[in-house]
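The following features are taken from TrEMBL:
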type	residues	note
TRANSMEM	33-55	transmembrane segment
TRANSMEM	237-258	transmembrane segment
TRANSMEM	264-282	transmembrane segment
TRANSMEM	320-341	transmembrane segment
TRANSMEM	366-391	transmembrane segment
TRANSMEM	456-484	transmembrane segment
TRANSMEM	504-528	transmembrane segment
TRANSMEM	606-627	transmembrane segment
TRANSMEM	643-663	transmembrane segment
Amino acid sequence: MAKKRKPPSIKGDPRIHDPHFKGPIVNRSCTDVLCCMIFILFIIAYILLGLVAWVNGDPRRVAYPTDSQGHFCGQKGTPNENKPILFYFNLLSCTSPSVVVNLQCPTRQICVSKCPEKFLTYMEIQFMYRKDRNDWTYYSQFCKSALLKPAKTLTQVLLDDDCPTAIFPSKPYLQRCFPDFSTKNGTLTVGNKTVFEDGSGKTRNAVELRAAANGINKVLDARAIGVKVFEDYATTWYWILVGLTIAMLLSWMFVILLRFTAGFLFWLFTFGVIGIIAYGIWHCYREYSNLQGQPNSHLTVFHIGIQTDISMYFQLKQTWFAFMIILCILEVFIILMLIFLRDRIRISIALLKEGSKAIGYIPTTLIYPVLTFIFLSICISYWAVIAVYLATSGVPIYKVIAPEGQCKHENKTCNPEIFNTTEIAKACPGAQCRFAFYGGKSLYHQYITAFQIFNLFVFLWLINFVIALGQCALAGAFASYYWALKKPDDIPPYPLFTAFGRAIRYHTGSLAFGSLILAVVQMFRLILEYLDKRLKQAQNNISKFLKCCLRCCFWCLEKAVKFLNRNAYVMIAIYGKNFCRSARDAFNLLMRNILKVAVMDRVTDFVLILGKILVAGCIGVLAFLLFTERLPMIIVGPTSLNYYWVPLLTVMIGSYLIAHGFFSVYAMCIETIFICFCEDLERNDGSTEKPYFITPTLHGILNKKQLVPQKQKE
């Protein structure tokens with residue numbers, strides 16, 4: 001009789017010595033209560049911040065354009081109710097370096113009911129007014145205030161900024177008057193003219209106006225594309241929904257088929273990679289042999305030095321020889337890994353099959369990603385709304401703007417009512433007091449930036465908490481499956497609902513603790529990215545190197561924290577301990593099985609990524625054939641699409657996200673079963689008193705490793 005393998009004795013760990021353990025602990029107590037209270041306080045503060053932002057903010061400031069006085073164009077109940085469009089007095093001044101954000105140019109902006117439709121200058125109107133006053137009536141609607149007649153001289157008009165010196169044909173877009181550009185015989189025109197008077201005695205052409213409105217015209221150019229994309233979505237929405245539904249069914253089928261084909265898929269693609277590398281070795285050897293007999297075959301990298309033409313290096317024997325050596329080392333490494341880790345690979349494949357079986361017994365777990373999606377949508381929407389309300393809080397703030405950008409008082413705050421009587425107007429001729437943004441001097445307005453940072457931090461915390469809640473609930477459900485001795489008879493009723501309730505009732509603090517750590521790391525990464533963007537022009541080689549090192553370190557730290565958190569949530573779902581103890585137990589357990597962890601993670605990731613690509617690729621091929629009208633004999637799809645790639649990419653990305661939702665459940669299932677599997681090996685010895693909870697498939701693999709002789713089970 002073979003000697004029984006004794007489980008390792010871990011002092012002070014009652015889990016190993018409890019002979020009555022039958023699955024997730026039922027009698028629990030609340031864990032990490034302090035963190036739970038802090039989390040609740042942060043949520044209350046987040047709600048209060050939303051209320052304060054809602055009282056002080058005004059999202060209409062985003063929806064409506066704002067004139068130079070800070071008044072909304074088109075807002076009901078105001079003098080501008082019937083004037084929904086913003087008009088620029090002198091759009092040519094938008095080439096000035098003092099152009100500010102949100103289309104704020106150093107020129108007066110007023111609200112109008114419609115855009116100009118013809119060319120007119122103020123001097124022309126003065127001459128035409130003597131014969132026909134109707135032209136002045138048309139022109140005066142683009143002036144700051146109603147003037148009875150054009151009595152002022154051009155100099156006085158420019159000084160008082162009452163009227164534009166010229167108007168030209170324009171069209172409204174984004175509630176703003178933009179030049180009506182068109183192309184005639186390859187020449188850019190405005191209102192069918194290539195040149196026009198700017199009202200100040202100069203002749204301008206359409207190219208100059210185009211340069212002045214270059215940034216705005218990028219939006220104009222996108223207008224036609226936007227309309228066509230909308231038309232394509234309106235035509236293909238039904239087929240997009242059909243494609244996403246098929247993606248959901250394919251994902252379900254793939255999870256089921258993994259139960260029977262996981263090993264086949266893994267070995268098929270593993271040998272495929274080996275074959276591709278072998279072909280690369282042969283190709284490198286052939287190129288090396290062909291260059292062997294050429295006259296310049298003795299040349300090396302040191303002879304030709306650094307070349308901008310990379311193809312020069314492919315003319316060297318040394319290059320192909322180096323490639324061949326690298327590929328040979330990679331090939332040998334993969335083959336040795338397969339030889340020495342073949343047993344652990346077989347265990348990983350068996351775990352993949354076991355995961356499919358578990359999901360088959362608890363199919364409600366495949367619906368849980370929908371609940372996670374709803375929670376995440378709520379968090380994202382709340383964060384976006386608060387961000388908008390905070391950004392639009394305050395009163396209009398006016399700043400000094402100099403057309404030439406050479407005034408020392410530029411960007412100082414000012415009062416438009418008395419600006420012309422101040423010293424700034426005298427010191428900087430041509431300077432203007434224009435609306436810049438919304439702000440204030442109250443305590444609330446001074447801390448708007450801090451509130452935005454708080455909004456972002458709590459958003460990250462909530463997002464990670466929602467994900468942690470899903471992982472803990474799924475882990476509890478799959479742990480109930482594993483620790484059922486007779487499957488599926490011993491699986492408790494409603495395992496997912498029960499695990500979700502336990503996680504909310506007892507372990508909100510622990511989940512909040514883990515998600516807080518991850519949120520802090522992510523916040524540091526975002527701050528680092530923000531500083532990188534702000535200081536990009538002032539960076540030298542050393543700072544760039546340090547920045548890359550920090551980004552790499554924080555990326556690795558985030559991945560490590562996510563991995564440890566996920567395994568800690570599994571331990572919390574099973575044993576009901578606090579976060580730190582669960583993380584410690586999970587870490588120690590994984591370190592005692594480090595090779596199994598490494599192989600299992602890689603095999604699982606490989607198969608699941610393959611599944612995502614397979615689902616998205618299959619749907620993408622079908623969508624391509626349908627949207628390009630290549631299946632007319634089988635099915636008639638949408639015709640006359642402007643851009644077939646718009647619905648195609650939508651279907652492919654949507655299919656990938658659906659597959660990711662399904663396979664995230666699968667990945668959590670595998671990880672939970674693996675941890676339970678490692679615990680099972682340490683807790684039990686396969687005897688009648690301490691039987692293994694593993695299934696016969698895994699048991700058979702372990703028998704071949706002589707860990708548990710079959711006769712001990714009898």
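Keep in mind that glycine also has a Cβ here, set from the backbone N, Cα and C atoms.
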Worksheet item: Any chance the transmembrane segment (456-484) and the transmembrane segment (320-341) have 3 or more Cβ pairs under 8 A, given the pairs are 6 or more apart in sequence?
Response: no
Fill in: Positions whose Cβ lies under 8 angstroms from the transmembrane segment (237-258), at least six residues beyond its ends
265, 352-353, 355-356, 359-360, 366, 607, 611, 614-616, 618-619, 622-623, 626-627, 637-638, 647, 650-651, 654-655, 658-659, 661-663, 666
Worksheet item: In the same chain, which residue numbers or ranges, 6 or more beyond the ends of the transmembrane segment (643-663), come under 8 angstroms Cβ to Cβ?
Response: 228-229, 232-233, 236, 239-240, 243-244, 247-248, 250-252, 254-255, 366, 369, 372-373, 608, 611-612, 615-616, 619-620, 623-624, 627-628
Fill in: Feature contact check the transmembrane segment (33-55) with the transmembrane segment (504-528), CB under 8 Å, 3 or more pairs
yes
Response to the item:
Lying 6 or more residues past either end of the transmembrane segment (366-391) yet within Cβ distance under 8 Å of it, the residues of that chain are 49-50, 53-54, 56-59, 62, 252, 255, 359, 448, 451-452, 455-456, 459, 462-463, 466-467, 469-470, 473-474, 496, 661-662, 664-665
